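Below is one structure, written out as structure tokens; comments come after it.
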Amino acid sequence: MYQTPSLGRSDDSAVDSSSVPGTPSDMSMFAQAYSIPADSMDMGALPERVGTPQPSRHHIALPDILHPETASSVPIRTICCIGAGYVGGPTAAVIALHNPHIRVVVVDRDQRRIDAWKSRHLPIHEPGLEDVVRIARDGAAETRRRGDSPTRHTMDAARQPNLFFSTACIETIEVADMCLISVNTPTKTRGVGAGRATDMAALEGACRDIAMHAKAGCILVEKSTVPCKTGQLIKDIMEAHRPGVVFPVLSNPEFLSEGTAIRDLMQPDRVVIGCESTISGHRAAAALANLYAAWVPRSRIAPIGIWSSELCKLAANAMLAQRISSINSISAICERTDADVGEIAKSIGLDPRIGPQFLKAGLGFGGSCFRKDIASLTYLAESLGLPEVAAYWQQVLTMNDFQRDRFAGHVIATLNNSLRGKKVAILGYAFKKNTGDARESPALDVIRILLEEGPKSITIYDPLCSEADIKRELSVLERDYAVSMPDGPVEVVPDPYAACGNSNAVLILTDWDMFKNGKPVTQSSKPVTIAETYDGATPTDVLHLTPRIERVTINKPPTPPRTPKLSPLAPELNTRLLPEPPCPADCVVCRSSSSAGMSVETDTTTPIDWAHISKTVREPRWVFDGRGVLDARAMVGMGFRLETLGRASMY
Ligand code: UDX
Ligand code: UDX
């Protein structure tokens with residue numbers, strides 16, 4: 001039975017709250033908005049610098065979060081990850097992969113999702129995810145590995161499964177030493193703060209379950225993106241149900257992007273761990289840091305204050321989204337001046353102070369984070385009595401909407417202000433390439449505007465988003481009229497040629513490589529695999545020899561990160577993978593090849609044949625490139641009329 005006397009109540013009293021400075025008046029406004037008692041906020045004892053454990057202002061020496069010895073006082077044997085979504089699933093899988101001695105159980109109330117995680121068809125598409133899940137969930141066979149000389153071999157022991165998926169939430173929480181909270185935190189749709197404030201219902205529910213069933217001392221880790229000060233809310237829930245019991249709360253925001261989740265998890269730029277300046281807080285942070293240290297150099301683990309950690313996720317996403325809105329604002333100017341936004345992005349991106357990332361103009365950002373997180377930031381600012389700050393960030397969202405409206409409006413204007421009797425083909429539905437996630441796509445807004453004009457048909461093709469997911473997203477438009485066929489005009493088709501044939505206009509709404517007509521796809525867009533590792537460690541090291549990775553990352557001085565190398569799964573690993581559980585006879589995924597949103601092999605890089613499409617679309621062959629993926633001269637050479645966001649018309 002896991003017990004840590006050090007996690008008792010007494011050590012938390014190391015910080016004397018009676019001498020903590022009073023709460024600033026603006027904080028109380030925020031506290032009111034989020035129902036957090038202002039006087040309970042421990043504002044006075046926060047660490048001041050990233051990466052350096054700080055003594056509290058009360059001169060109590062706190063344990064070093066980055067020292068492995070600190071972690072040894074809080075042994076972690078079982079982790080419960082609540083929420084088997086885009087964040088919870090991949091994160092738990094990678095933690096389990098690198099910590100074979102720890103049992104990681106991912107729980108979700110959605111039985112179908114759990115069944116999918118246990119099957120051959122994972123519920124989400126992420127390059128490399130399947131390999132990671134297969135090793136951690138199914139185990140690996142013993143194998144012989146070539147040693148330093150041709151005559152020396154080493155044996156890699158068989159690996160037991162240590163990643164499990166279950167709907168038994170309570171039972172799993174009861175035995176967990178650490179709970180990763182990865183439930184969804186969407187924007188509120190009604191009530192106070194609707195449209196901007198974060199809906200905390202799922203997180204509150206998960207916390208209540210933990211409060212009622214977890215062992216004393218269980219470490220709670222916020223993985224979901226949450227408003228700043230949520231840690232206090234969690235502590236209040238725990239205190240209400242289990243008064244006097246210490247449950248350390250950590251913030252460990254996830255910075256993974258969809259489509260590169262496994263690479264982002266395998267090679268994170270940084271791992272931020274936010275904790276309170278208490279002994280139990282530091283020990284808990286050390287335990288979490290130790291899990292990551294199995295594959296992440298400790299130099300990249302950044303322990304900071306819990307409130308900074310919560311806010312830094314919102315700040316990071318807001319900064320990234322702001323760059324996109326900034327370049328998109330320039331794209332509108334370009335279209336009226338014949339300047340080229342691509343050339344501008346390239347030239348300003350060469351300035352190292354600006355850099356080239358996130359300067360791609362287009363339809364604007366989608367995805368489940370940017371809009372939601374900026375909305376949450378504006379609500380936070382307003383709640384803190386900072387309307388100017390709220391207005392500043394709101395403008396990033398306004399610019400994003402403007403870009404979609406402008407694009408759709410331009411399509412309609414170009415087609416003589418009417419879509420009656422016309423067919424519009426849409427290539428790409430996902431909010432970005434390499435994901436089958438159909439949620440929060442700019443395509444939805446574009447389709448909404450087009451539908452107002454009563455088109456004869458809108459035909460959508462996306463290589464990874466499933467028909468069912470796209471239709472579910474479109475169903476929010478059903479209020480006023482029928483949208484999907486047979487009653488409505490929208491149809492989802494399984495190949496791009498069927499989508500484009502006989503259409504009056506082709507719209508590119510996702511930057512899939514297959515829609516490009518320029519140079520062949522570069523290597524960087526090939527699927528990523530678990531063969532990518534840090535600092536020269538081989539795939540076999542990563543998968544099976546955790547102690548060796550510990551040596552590489554802890555005892556050796558940190559070496560600079562290598563440029564990510566994309567290589568296929570090492571051949572010897574294929575021999576170690578155990579057979580996957582067979583599908584039931586009535587498996588719908590196996591039966592239906594059109595359910596491409598699942599983990600079915602789909603070619604997303606072989607370019608489509610634009611020359612063929614040019615023969616099947618209607619004159620004057622309009623193509624509207626909302627993602628800047630097409631080479632204009634080549635398209636015009638094939639007889640298309642091309643309109644690209646941020647560039648002069650080409651025909
Ligand atoms: C994540 C984070 O949670 C969110 O804060 C971040 O901003 C974006 O990414 P994501 O993983 O994409 O969300 O969410 P989702 O795919 O919806 O997965 C959440 C899972 O939690 C769902 O499978 C849902 O069934 C599960 N859940 C939710 C529970 O198991 N119990 C609950 O009480 C609520
Ligand atoms: C984002 C953050 O990148 C990640 O760190 C965080 O954890 C979650 O939110 P994600 O939403 O998965 O990740 O995708 P991202 O690659 O950031 O793209 C978001 C949107 O911005 C997409 O719609 C994309 O097409 C758009 N985008 C991105 C641009 O329009 N231009 C760019 O230059 C970059």
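Just so it is clear, glycine is given a Cβ too, placed from its N, Cα and C backbone atoms.
According to its DSSP assignment, Cys369 (active site, nucleophile) is coil. The active site, nucleophile annotation in TrEMBL covers Cys369.
DSSP gives Thr225 (NAD(+) binding site) a coil state; it is part of no helix or strand. For Thr225 (NAD(+) binding site), the number of other Cβ atoms no farther than 10 Å from its own Cβ, over all displayed protein chains, is 21. Here TrEMBL flags Asp108, Arg113, Thr185, Thr225, Glu258, Lys372, Arg439 as NAD(+) binding site.
Long-range Cβ neighbours of Ala361 (substrate binding site) (same chain, at least 6 residues apart, Cβ-Cβ under 8 Å): Ile324, Ile327, Asn328, Ile330, Ser331, Val341, Gly342, Ala345, Gly628, Leu645, Gly646. Classification of Ala361 (substrate binding site) by DSSP places it in coil, neither helical nor stranded. The annotation substrate binding site is assigned in TrEMBL to Phe255, Leu256, Ser257, Glu258, Lys313, Phe358, Leu359, Lys360, Ala361, Gly362, Gly366, Lys432.
Summarising the annotation, TrEMBL assigns domain 'UDP-glucose/GDP-mannose dehydrogenase C-terminal' to 425-524.
What TrEMBL lists as region 'Disordered' is 1-26.
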Residue among recorded positions Asp108, Thr185, Cys369, Lys372, Arg439 with Cα closest to the Cα of Ser257 (substrate binding site): Cys369
Per DSSP, three-state class assigned to Asp108 (NAD(+) binding site): coil
In sequence order, those recorded positions of Asp108, Arg113, Cys369 whose CB lies under 6 Å from ligand 2: Cys369
Where the C-beta lies under 6 angstroms from ligand 1, the matching binding-site residues among Asp108, Arg113, Thr185, Phe255: Asp108, Arg113, Thr185
Summary of DSSP states over the domain 'UDP-glucose/GDP-mannose dehydrogenase C-terminal' (425-524), given as helix, strand and coil counts: 33 helix, 17 strand, 50 coil
Surrounding CB atoms that lie within 10 Å of the CB of Thr185 (NAD(+) binding site), all protein chains: 23
